[in-house]
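This report refers to the structure that appears directly beneath it.
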Amino acid sequence: MRIMKRPNILLTGTPGVGKTTLGKELSQRTGLTYINIGELAKEGQLFDGFDEEYQCPILDEDRVVDELEDQMMDGGMIVDYHGCDFFPERWFHIVFVLRTDNTNLYNRLESRGYTGKKLQDNVQCEIFQTIYEEAMEAYKEEIVHQLPSNDPDDLERNLEQISQWIEQWMKDNN
Ligand code: DAT
């Protein structure tokens, strides 16, 4: 039996833009495997130190990369993380940077329980399009795409567009 080749997709962007929501639904619809890097790190204790300012553990990026390498080589992975510059560039066939309007993002993060500096810094991260710039530096510009992620219509459109892209990629590569 010949195994179909499937693409690896990176979903990135500021916390709260909707990566998890999109990634899980996309996985349901396409059969690709969804991986949340934050969860993976928690399960495997892939941390290296503690960030006093933000009161959170610091990701051990090298161990995360080692942990995922084999699965990434098999393909068919949807990776969700709010950073993107430490993954090997060769892992991903396409990179989506989700974007949310400031007020909308503020409200989402506030209802997630973010307050003070953590809330402000994350909203600023979105205003300064920090993750988009990080993605444009780390990957070929032509594979980096911004997706609006403000309302359920955006979510549906994104799901349809990415599903179609996956289908086309599989036709072209098998
Ligand atoms: P992330 O994984 O980027 O941190 P999330 O998927 O957990 O984000 O979503 C954060 C919150 O926003 C959550 O309550 C679901 C909501 N949300 C996500 N995408 C949305 C969309 N397109 N329209 C409306 N709400 C959305």
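Cβ coordinates come from backbone N, Cα and C, glycine included.
What TrEMBL says about this protein:
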{"type": "BINDING", "residues": "Gly16, Gly18, Lys19, Thr20, Thr21, Arg112", "note": "ATP binding site"}
{"type": "REGION", "residues": "36-59", "note": "region 'NMPbind'"}
{"type": "REGION", "residues": "111-121", "note": "region 'LID'"}
Overall pLDDT of the region 'LID' (111-121), taken as the mean:
95
In this structure, the one of the binding-site residues Gly16, Gly18 whose CB has the fewest other CB atoms within 10 Å is Gly18
Counting only residues 6 or more past its boundaries, what in the same chain has a CB within less than 8 Å of a CB in the region 'NMPbind' (36-59)?
20, 23, 67-68, 79-81, 83, 117-118
Inside 10 Å of the Cβ of Lys19 (ATP binding site), count up the other Cβ atoms and send me the figure.
25
Same-chain residues at least 6 positions away from Thr21 (ATP binding site) with a Cβ under 8 Å from its Cβ, in sequence order, are Leu155
Counting only residues 6+ apart in the same chain, whose Cβ is under 8 Å from the Cβ of Arg112 (ATP binding site)?
Gly16
Should anything in the same chain at least six residues away from the region 'LID' (111-121) have a Cβ under 8 Å from its Cβ atoms, list it; otherwise answer none.
16, 53-54
Which of the three DSSP-derived classes (helix, strand, coil) applies to Arg112 (ATP binding site)?
coil
Would you count the other CB atoms within 10 A of the CB of Thr20 (ATP binding site), including those on all shown protein chains?
16
Taking the centroid of the Cβ atoms of Gly16, Gly18, Lys19, Thr20, Thr21, Arg112 (ATP site), which other same-chain residues have Cβ within 8 Å of it?
Pro15, Val17, Leu22, Arg108
